[in-house]
Amino acid sequence: MKVLVIGNGGREHALAWKAAQSPLVDTVFVAPGNAGTALEPALQNVAIGVTDIPALLSFAQNEKIDLTIVGPEAPLVIGVVDAFRAAGLKIFGPTEGAAQLEGSKAFTKDFLARHQIPTAEYQNFTEIEPALAYLREKGAPIVIKADGLAAGKGVIVAMTLEEAEAAVHDMLAGNAFGDAGHRIVIEEFLDGEEASFIVMVDGEHVLPMATSQDHKRVGNGDTGPNTGGMGAYSPAPVVTDEVHQRTMERIIWPTVKGMAAEGNTYTGFLYAGLMIDKQGNPKVIEFNCRFGDPETQPIMLRMKSDLVDLCLAACDGKLDEKTSEWDERASLGVVIAAGGYPGSYSTGDEIHGLPLEEVADGKVFHAGTKLADDDRVLTSGGRVLCATALGHTVAEAQKRAYALMTDIRWDGSFSRNDIGWRAIEREQN
């Protein structure tokens, strides 16, 4: 069968790489893909942008694609799933209506409140003065979020009132996030440890994926501005069996049932960003309507199940007939980014020292890369690569991931040197 993966990031390289391992699959196309997918013998890039729905649809029809897997959020919130389904094609992802869970933070907070799903106390604002009055009433630390899609960067955790007021001005008056910031959500600062809880949903049934923990801040020790994610590991020890059960009962099931009851039946990957307090109670920080990036990379390295088989079952509403199998070992991925990220950075730099052959129990996934005409690999984004490895402990996986990147360099490249530190601290104590 033929599979199409939509996207060009590290997440899509990992999903396509995993899909190509399925015995059901003959060909995997990636639209538009990157240098990493271009260099994989089992994958084929197609030069179509992720939001060009008419072109994606006609390609899928002409090539008789049997299954499409959507990586990023942008095509989901503009209805790629609706368009493919209307044409009778199998596609795994949420409809435009269901993708509002990521597309609008205000929609999500109101939905959580309606269904009594645990989350931070909040209010939505479109005007500066009421927002500032609310800030002064609540005090800092406090969190300000742009309502729409801002590539994971539209969230300011303000530790002082001045910082909070500046963020409100930037978003509502200064247009810091364009259309995404015309409405903002101000919510209480939650203390605890974050985890990424990702499941597959077929509208009715849920199949949990392995847990993971992302590292959002650009600097070591979780300092500096938020990014799309500087590294991740799986499993996340903070999600104990008890926390897992609470998350399913209090958050995932009520969300799936609530969406169906409101006429937005949810299908696809559902990613709950959780904050887990000292008592092990999870609250929703955010929902994403797709797999996380960089969490996908370490999770796919651990996945023993056939991803394509699971996606097909989900498209047919038969996820209850499936289980997911995972490598017992931990995995960890470190993002190598372009100098200046998450601010402005240069592109078109040649990347040196990429591994020439596949390594056992490890993989360098490509994100912001492109292949030059002479087959040199060049940078084309802020997050460029993700070096990912398995290990019997998170510490061992960390050591192997950093070893994979020893020779990789380009002008200005950088990474955090402490990915996985929370889990490693736990292992040592």
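Any Cβ shown, glycine's included, is placed from N, Cα and C.
Among the features that Swiss-Prot reports, domain 'ATP-grasp' is placed at 109-316, with the record citing sequence analysis.
The DSSP secondary structure for Arg183 (ATP binding site) is coil. Summarising the annotation, Swiss-Prot assigns ATP binding site to 135-196 and lists sequence analysis as the type of evidence.
The Cβ neighbour count for Glu286 (Mg(2+) binding site), using a 10 Å radius over every protein chain in view, is 18. Summarising the annotation, Swiss-Prot assigns Mg(2+) binding site to Glu286, Asn288.
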- Within 10 Å of the Cβ of Leu135 (ATP binding site), how many other Cβ atoms can be counted across all chains shown? 20
- Query: What is the interatomic distance between the Cα atoms of Glu286 (Mg(2+) binding site) and Met159 (ATP binding site), given in whole Å?
  - Reply: 20
- Query: Which of the three DSSP states, helix, strand or coil, fits Val143 (ATP binding site)?
  - Reply: strand
- Which of these binding-site residues has the least crowded Cβ, counting other Cβ atoms within 10 Å: Val143, Met159, Ala167? Met159
- Message: At 10 angstroms around each C-beta, which of the binding-site residues Arg183, Asp191, Asn288 has the fewest other C-beta atoms nearby?
- Response: Asp191
